[in-house]
Structure formats: structure tokens, C-alpha cells
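Working notes, structure below.
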Amino acid sequence: MNNSGPSTLQTAFCGLKFNSPIVLLSGCVGFGEEYTRVSGFSNRDAGAVCLKGTTLEPRLGNQPHRVYETPDGMLNAIGLQNPGVDHVINEILPSLDFTETRFIANVSGSTVEEYFEVTRRFDDSPIDAIEINISCPNVKQGGVAFGNDPAMSARVVEACRKATRKPLITKLSPNQTDIAANAKGCIEAGSDAFAVINTLMGMAIDIDSRTPLIGNNQGGLSGPAIKPVALLKVHQVYQVCRDHNIPIIGQGGIASAEDALEFMIAGASAVGVGTALFYDPLICKTINTGIMRYMERHKLQSVDQLVGTLQLNQQPTAKCGC
Ligand SMILES: Cc1cc2nc3c(=O)[nH]c(=O)nc-3n(C[C@H](O)[C@H](O)[C@H](O)COP(=O)(O)O)c2cc1C
């Protein structure tokens, strides 16, 4: 693994040139402008920025409260609030600086037809890649209902594949029995890459009123609390991606360079940062610096040399930890 020569954070993901393996995650950066007013923040610190989940028609989202802080994480149930695909394409994309970073659309829908149509419209736009969100736990129809059913997941991917030749990234749900089997079906249906994982379903209760603290009753748990779950899911999905050269954007609780490195060693070619941005909008600089130091210390030229280098312990792995 040792090489000579300068280290670089640059990497290629589905043929797209990334400045860094970091991807700013959907729902945590609005439509690419969210943190640009924060002094010192730059989209250039990320390899790509994933836009907020977008549907065919505008959506107002769920009733409040939409977010709730938990130990080492947060619950959210935004309900895919967005201005609709045409507004995103006509009003927002022209305002984004495509010289800074790559922009990825995040497509959602209530029907297979809606996923197809939103993807088709993004195909005819400057967007660099399209992420299919079949794992949103905060909407009544579509979302995780599709993502937890392998046959439905494949149907959505197949439909979106017909709508675009741009890189297609399928965002997988952790709220399902066999994430690797689902990934396999999505590869056969035409997925070029995966985002692993979306939020885990959770709940918080006000003990005085005995009511849920989230307006939607339940929400998606994100942040450092979910990192161990996310790492295992990346490891599992990597087992089916490795032979097909399908890259993964690993995500779930990444808040340091060490976290990002763990995800790459487990099999992620790029690493997503979401919840951590809410309390440290400049965290990408810290993570980039830390990854660079690690690469120099280990004499690595490229982060690609780290991907999937996990060496498992030799004893058989029990399926449960009891
Ligand atoms: C407030 C909020 C909104 C989100 N909205 C979306 C969304 O619109 N589409 C999507 O695919 N994921 C969405 N996510 C999930 C994140 O993109 C990410 O997959 C997840 O939070 C795990 O990463 P993290 O622990 O670094 O936040 C959202 C997460 C949060 C916290």
C-alpha cells in the first residue's frame, strides 16, 4: 500500500472529478446555498453537494416539530419540503457555481412514475448526477416504503435508469432486513453507485403530555449515534459492489477525519457529512486536513488506495453480539 509521491484528496466518482472525497448530504445544505453566507465556508471543500430531496410538485412538508436533538444525534421529519423540480431546475440550478464542486440532485416520489418524471427533467439540466432517495422515512407514500422492498427498489431504479444517462446513485435504507440483497437487485436494475445509509427510524416522547416530540410522530435518526450501524451497512453493501466496480458514498454520523477514514476502509469511495454541518459548518476543512495527514503518514497518494482495505478478524463473525 505504500507509495512515493505527493498525496491528493482528489478522486473520481462515477467518472466525476471530486476535489475531496467529502459529499455534503441531502437535506443538510438546502439547495447548495445554505452555508455559503457562513464566513470561511466553501463548497470547494467538498467533492460534491447533494441538493434537498425534490419531487414533481412543490411540497410544504410535515407539521412541526420537525427536528429534535437526541444523545449524539437528531431526529428529523421534514417531510421533503421542496419547491418542486421545475423551480429547482429553472431558478436554483442557474444560481449555483458549477466551477466550485459537483452538484447531485436528490429525487423523491410517491409513485414509480413520479421518480421517472423527476429524473427525466433533471436529465435535461446541468446537474452532474442523480441520487434516488428510496429511503426517506418521513413520507406516507414512496420513500422508505419503496426502499425496504427489494422488488420495488429495483423497479424505481429501472424506471430512473430509463430516464437518464447521468450517474445514478441509489440511496439505501438501513431500515430493512438484507441491505446487500437489495443493493444486488438495484445493480441489476442499472444503479451506478450507492449512498449508504439514510436515517434510521426513531421516536422521542414528551413524558408530561405523553405525546411524540415530533409532529410526524416518528422521524429519522442521524448523527454520530448511527455511525456503527452505518459502517456495518457500508461493509455489507461493499461485498456486492466490489466485483462490479460500483462506488459507495458512505454516510451516517461522520464528524471527524477518523470517522471518514473508517468508512473508506469499510468500502466507501466517498464520504457524506450531514448532521455534523449543523453544529460545525466548517467541519469539511478539518476532515480534509485530517485525511491528508493520515495519507501522508501512511504514504498514500490517493484515497482510492484505502477503499475496502478492511482486514477482518479470522474467527467467524457471529450474526449477533449477545
Ligand atoms: C434535516 C435532515 C434532512 C434530510 N433530508 C434528506 C432528503 O431530503 N433526502 C435524503 O435522501 N436524505 C435526507 N436526509 C438524510 C441525510 O442526507 C443523511 O443520509 C443522513 O442524515 C445520515 O448522515 P448524517 O448522520 O451525517 O446526517 C436528511 C437528514 C437530515 C438530518
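Backbone N, Cα and C atoms are what each Cβ position is placed from, and that goes for glycine too.
TrEMBL: automatically predicted annotations, no manual curation.
Keep in mind the model is a prediction, meaning the values are calculated, not measured.
Positions annotated as active site, nucleophile by TrEMBL: CYS136. The FMN binding site annotation in TrEMBL covers SER26, LYS52, GLY53, ASN106, ASN133, LYS171, ILE197, GLY223, GLY252, GLY253, GLY274, THR275. Sequence annotations record features per position, and here TrEMBL assigns substrate binding site to LYS52, ASN76, ALA77, ILE78, GLY79, LEU80, ASN133, ASN198, THR199. The annotation domain 'Dihydroorotate dehydrogenase catalytic' is assigned in TrEMBL to 9-295.
Annotated features taken from TrEMBL, shown on the structure.
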residue: SER26; record: FMN binding site; Cβ neighbours (10 Å): 27
residue: LYS52; record: substrate binding site; Cβ neighbours (10 Å): 22
residue: GLY53; record: FMN binding site; Cβ neighbours (10 Å): 26
residue: ALA77; record: substrate binding site; Cβ neighbours (10 Å): 28
residue: GLY79; record: substrate binding site; Cβ neighbours (10 Å): 21
residue: ASN133; record: FMN binding site; Cβ neighbours (10 Å): 31
residue: CYS136; record: active site, nucleophile; Cβ neighbours (10 Å): 26
residue: ILE197; record: FMN binding site; Cβ neighbours (10 Å): 27
residue: GLY252; record: FMN binding site; Cβ neighbours (10 Å): 31
residue: GLY274; record: FMN binding site; Cβ neighbours (10 Å): 25
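Under a cutoff of 8 A between CB atoms, and with a sequence separation of 6+ in the same chain, the neighbours of THR199 (substrate binding site) are ASN76, SER135, PRO137, PRO174, GLY219, GLY220, LEU221, SER222, ILE226. According to DSSP, CYS136 (active site, nucleophile) sits in a coil region rather than a helix or strand. Using the Cβ center of LYS52, ASN76, ALA77, ILE78, GLY79, LEU80, ASN133, ASN198, THR199 for substrate, the list of other same-chain residues with Cβ within 8 Å runs, in sequence order, GLY27, GLY53, CYS136, PRO137, ASN138, VAL139, GLY220. Checking the binding-site residues LYS52, GLY53, ALA77, GLY79, GLY274 against ligand 1, the ones whose Cβ sits under 6 Å from it are LYS52, GLY53, GLY274. Taking only the Cα positions, the spacing between LYS52 (substrate binding site) and ASN133 (FMN binding site) is 10 angstrom.
The two recorded residues ILE197 (FMN binding site) and CYS136 (active site, nucleophile) have their Cα atoms spaced 10 Å from each other. In this structure, the CA atom of SER26 (FMN binding site) is 11 Å away from the CA atom of CYS136 (active site, nucleophile). Nearest to ALA77 (substrate binding site) in space, judged by Cα atoms and limited to the recorded positions GLY53, CYS136, GLY252, is CYS136. Mean pLDDT for the domain 'Dihydroorotate dehydrogenase catalytic' (9-295) in the predicted structure: 96.
Largest CA to CA distance in the substrate binding set (LYS52, ASN76, ALA77, ILE78, GLY79, LEU80, ASN133, ASN198, THR199): 16 Å, whole number. The closest partner of the residue listed as 'active site, nucleophile' among the binding-site residues, by CA position, is GLY79; the full candidate set was GLY79, GLY252, GLY274. GLY79 (substrate binding site) and ASN133 (FMN binding site) are 13 Å apart (CA-CA, integer value). Straight-line distance linking the Cα atoms of GLY79 (substrate binding site) and GLY274 (FMN binding site), rounded to a whole number, equals 17 Å.
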